[in-house]
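Asks: Starting off with a structure, shown below.
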Amino acid sequence: MNQSEVDKYLADIEADSFRDHIATVDQSGKRIWMYPKKPKGPYTNARTYLSWFFLAFLFGMPWIKVGGEPLLLFNVLERRFILFGLHFAPQDFYLFVLAMLIMIIFIALFTVVFGRLFCGWICPQTVFMEMVFRKIEYWIEGDANAQRRLDKAPWTREKIIKKVGKQIIFFAIAVLVANTFLAYIIGIDEVIKIATEPVEEHLGGFIAMLLFSGAFYGVFSVLREQVCVTICPYGRLQGVLLDQDSLVVAYDFQRGEPRGKYRRPKAGQEPDPTQLALGDCIDCKLCVQVCPTGIDIRNGTQLECVNCTACMDACDEVMEKIDRPKELIRYDSYNGIVSGERKIFTPRAIAYSVVLFLLVGLEVFLFTNRSDVDTLLLRTPGMLFQEVDEKTISNLYNYHLTNKTGEALPVNFSLVGEYGGIRLVGNESPEVPPNGEVEGALFIDMPKSELDGNKTTIRVQVISGETVVDEVKTNFFGPVK
């Protein structure tokens with residue numbers, strides 16, 4: 001195609017009415033139910049294998065325990081968090097905030113470079129919808145045309161069995177997904193108790209299980225692709241993050257246009273001149289038929305596209321049959337199609353990478369300097385300093401220790417420096433329970449000669465065994481010199 005033909009093609013695309021509405025809603029506002037044709041090909045196979053790994057990870061992780069504790073736990077109710085065996089407390093919230101910021105920057109960088117690749121390959125919504133629920137639908141009702149015929153057919157015994165059976169299986173899987181989701185929040189042991197013990201003993205947990213099951217059933221049985229098209233905000237971000245160098249599932253209009261029906265020449269005959277003038281696209285519309293969101297990828301990048309690669313497999317199969325090069329629809333950028341130049345590290349991508357690198361460095365620094373015990377040491381309100389003798393001043397403090405490990409920690413307190421001492425109220429060294437807290441009181445004694453006026457900054461170490469697990473600063477008050 002020359003430049004004038006490219007400009008005409010792009011002008012026709014921009015003028016098309018598909019820009020005014022999404023593919024799953026008609027002009028009256030009524031939803032168009034999607035019947036995507038079953039895809040097949042190397043990209044679909046690769047996504048299938050990856051989905052098996054993802055599902056095995058998702059369903060298997062709650063059962064894996066280290067030292068009697070789950071490998072992953074996000075218990076917001078009891079404020080317990082475990083990430084690959086590492087315990088986190090609410091005091092570590094700043095690490096999660098920074099991690100969320102890193103994830104946002106990473107998503108922005110990933111989208112700028114690779115488009116919506118995440119959605120098509122590892123997004124839980126796509127994995128469950130296309131690799132679990134859709135495959136069950138194909139198994140029970142058949143391919144797209146068979147599903148259409150079944151929906152239009154009168155209610156017979158066969159239709160009732162298929163429709164009811166499908167919904168029962170859908171709900172059973174939704175219950176399994178909901179229980180797995182809860183296992184990441186409250187632990188698999190609690191989920192088993194809720195599922196096996198009388199309802200009245202775990203009424204709140206049972207209601208939560210029903211609510212989550214109903215939500216997942218509604219998402220995968222009713223909403224389906226609408227989650228990706230209208231609910232998920234990530235699709236809307238494409239308009240801000242994508243540029244002409246972003247890799248997306250793209251139609252090569254340079255090769256494909258002008259499109260037209262393919263007619264294979266008979267043996268011994270010269271090809272039809274009108275066929276020679278056409279591009280490689282034979283307008284079979286298989287790319288549209290396999291699309292789970294109903295778009296025509298030949299219209300260019302659209303927010304409904306989840307980069308599932310179904311159209312790529314369908315088009316490659318057709319190109320192979322008519323002896324033309326594959327990858328008419330492929331992963332490429334707009335500039336890559338127009339000029340053949342692919343730029344991954346654009347100025348935007350480099351800027352995002354620098355910010356991401358700095359944030360990751362800060363996260364690593366904060367994480368490596370994180371203590372196993374969080375200590376709060378405050379002077380007891382309303383208490384003045386006490387003179388133990390002519391040379392010694394004493395202050396009373398309250399301490400609060402939080403154990404961020406899965407083991408009980410016996411602890412002692414020690415002043416940093418050669419002077420002064422610590423006396424525990426009760427004379428017993430505290431033991432902080434696993435993932436628990438302990439409170440108490442202690443006296444700190446300091447020689448008058450070591451005080452800097454009426455307020456002196458001192459440092460106190462918290463020691464478990466021979467390891468200093470935390471160190472805090474506090475103020476020590478004495479008489480005015």
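Including glycine, each Cβ sits where the backbone N, Cα and C put it.
Here's the feature list from TrEMBL:
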DOMAIN    272-300  domain '4Fe-4S ferredoxin-type'
TRANSMEM  46-64  transmembrane segment
TRANSMEM  93-119  transmembrane segment
TRANSMEM  168-186  transmembrane segment
TRANSMEM  206-223  transmembrane segment
TRANSMEM  349-368  transmembrane segment
Asks: How about the transmembrane segment (206-223) with the transmembrane segment (168-186) - do they touch, taking at least 3 C-beta pairs under 8 Å (6 or more apart in sequence) as contact?
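Replies: Judged by the Cβ rule, the two regions touch, with the required three close pairs present.
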Asks: At a C-beta cut-off of under 8 Å, are there same-chain residues at least 6 beyond the transmembrane segment (46-64) that contact it? List them, or none.
Replies: 70-72, 120-122, 124, 127, 130-132, 176, 180, 183-184, 187-188, 191, 308-309
Asks: With Cβ-Cβ distances below 8 Å as the criterion, list the same-chain residues six or more beyond the ends of the transmembrane segment (349-368) that contact it, or say none.
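Replies: Hits for the transmembrane segment (349-368): 94-95, 98-99, 101-102, 105-106, 108-109, 112-113.
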Asks: How does the domain '4Fe-4S ferredoxin-type' (272-300) divide up by DSSP, counting helix, then strand, then coil residues?
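Replies: Secondary-structure breakdown of the domain '4Fe-4S ferredoxin-type' (272-300): 11 helix, 0 strand, 18 coil.
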